[in-house]
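TrEMBL has this to say about the protein:
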type     : residues                       : note
ACT_SITE : Glu227                         : active site
BINDING  : Asp166, Asp202                 : Ca(2+) 2 binding site
BINDING  : His176, Asp178, His191, His204 : Zn(2+) 1 binding site
DOMAIN   : 113-272                        : domain 'Peptidase metallopeptidase'
Amino acid sequence: MNWTLLLKGAGTMKFLLVLVLLVSLQVSACGAAPMNESEFAEWYLSRFFDYQGDRIPMTKTKTNRNLLEEKLQEMQQFFGLEVTGQLDTSTLKIMHTSRCGVPDVQHLRAVPQRSRWMKRYLTYRIYNYTPDMKRADVDYIFQKAFQVWSDVTPLRFRKIHKGEADITILFAFGDHGDFYDFDGKGGTLAHAFYPGPGIQGDAHFDEAETWTKSFQGTNLFLVAVHELGHSLGLPHSNNPKSIMYPTYRYLHPNTFRLSADDIHSIQSLYVHVVNEEVCFSSLFLTNGSVNVCHTAREAKEAVDVCGESSQYILFLNSPDFIACQSKGTDEPPCLHFHLSLTS
């Protein structure tokens with residue numbers, strides 16, 4: 001997508017852009033009352049849990065109230081809260097936590113089932129850079145974020161500097177042309193689109209945030225790994241240990257690891273045929289960080305792990321993905337990952 005008109009002058013100093021944004025918001029909001037907690041909750045549920053109370057006639061207030069209670073229960077169950085259907089303190093706390101802008105529940109028509117790229121080699125382009133960080137740091141962070149996913153899939157990513165990429169990375173304020181406006185500092189930090197042509201696959205980051213490579217502000221690496229998960233086809237997870245959990249929490253980038261839930265989810269999309277070369281990081285079997293590539297093959301009835309010459313052997317034996325290592329280490333001989341294999 002061509003963002004030239006939307007981002008003309010993006011190199012201007014960030015504090016001036018923020019000042020202009022704040023002034024425009026103050027003028028447009030003059031005399032308008034802020035949302036109360038009930039209104040905010042309805043907005044949150046409509047954006048992230050497909051609550052459609054505004055489509056119910058005002059005469060059917062009971063129906064609207066019941067639907068709102070059902071959506072509150074759905075949201076509470078998703079986040080592992082006590083399911084009360086009431087707007088309690090713990091529910092509001094989650095609602096006010098900074099998070100990804102991608103909905104947790106969507107119309108089935110909006111997201112194709114098992115949406116994924118139908119090719120192995122993908123390109124990405126950083127359309128513009130946040131002034132919060134050095135360009136070299138931003139480049140490195142996105143390189144590492146893509147590597148998180150390439151370490152556990154056959155996917156390979158290449159950065160391009162012009163032309164249309166499969167995945168375009170964009171920093172922008174407020175209304176940036178995709179009908180999913182950013183809301184200023186806090187709130188929604190970023191959003192991304194599922195795989196496909198045009199804007200599909202792209203990842204957008206709210207420039208109103210203070211992006212950093214540390215625990216201060218909002219850590220760009222952690223948000224990038226999450227959003228790129230969407231760009232590759234992953235929805236949100238209700239597992240708090242998953243990087244695809246909707247709300248933001250800081251983890252040290254140097255010690256960050258995908259959870260078993262993340263690995264299973266992405267491999268169920270992209271590790272899908274026997275005889276395909278599969279690359280993964282050996283840290284899943286040891287404490288090393290060297291990438292290991294092998295051709296997946298059907299497991300024999302009796303696998304002689306010790307007799308294999310290679311340290312790591314991959315087997316596909318539907319519906320399990322088995323990574324085995326040879327004799328001579330203290331680690332368990334095999335790790336199993338359940339997969340829904342497709343052809």
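Placement of Cβ uses the backbone N, Cα and C atoms for every residue, glycine included.
There are 21 other Cβ atoms within 10 Å of the Cβ belonging to Asp166 (Ca(2+) 2 binding site).
For Asp178 (Zn(2+) 1 binding site), the nearest neighbour among the recorded positions Asp166, Asp202, Glu227, judged by Cα separation, is Asp202. Following the DSSP three-state reduction, the secondary structure of Asp166 (Ca(2+) 2 binding site) is coil. Of the chain residues outside the Zn(2+) 1 site list His176, Asp178, His191, His204, Gly101, Leu170, Ala172, Gly177, Tyr180, Asp181, Phe182, Asp202 have their Cβ within 8 Å of the site's Cβ mean position.
Among the recorded positions His176, His191, Glu227, the ones whose Cα sits within 10 Å of the Cα of Asp202 (Ca(2+) 2 binding site) are His191, Glu227. Every protein chain shown contributes to the tally, and the Cβ of Asp202 (Ca(2+) 2 binding site) ends up with 25 other Cβ atoms within 10 Å.
On its own chain, His191 (Zn(2+) 1 binding site) has Cys100, Gly101, Val102, Tyr180, Ala203, His204, Glu227, His230 as residues at least 6 apart in sequence with a Cβ closer than 8 Å to its own Cβ. Other Cβ atoms within 10 Å of the Cβ of Glu227 (active site), summed over all protein chains shown, number 26. Under DSSP, His176 (Zn(2+) 1 binding site) is assigned to coil, being neither helix nor strand in the three-state scheme. Sorted by the number of other CB atoms within 10 A, the binding-site residues His176, His204 start with His176, the lowest. Per-residue pLDDT, averaged over the domain 'Peptidase metallopeptidase' (113-272), rounds to 94.
Separation of the C-alpha atoms of Asp166 (Ca(2+) 2 binding site) and His176 (Zn(2+) 1 binding site): 19 Å, rounded to the nearest whole number.
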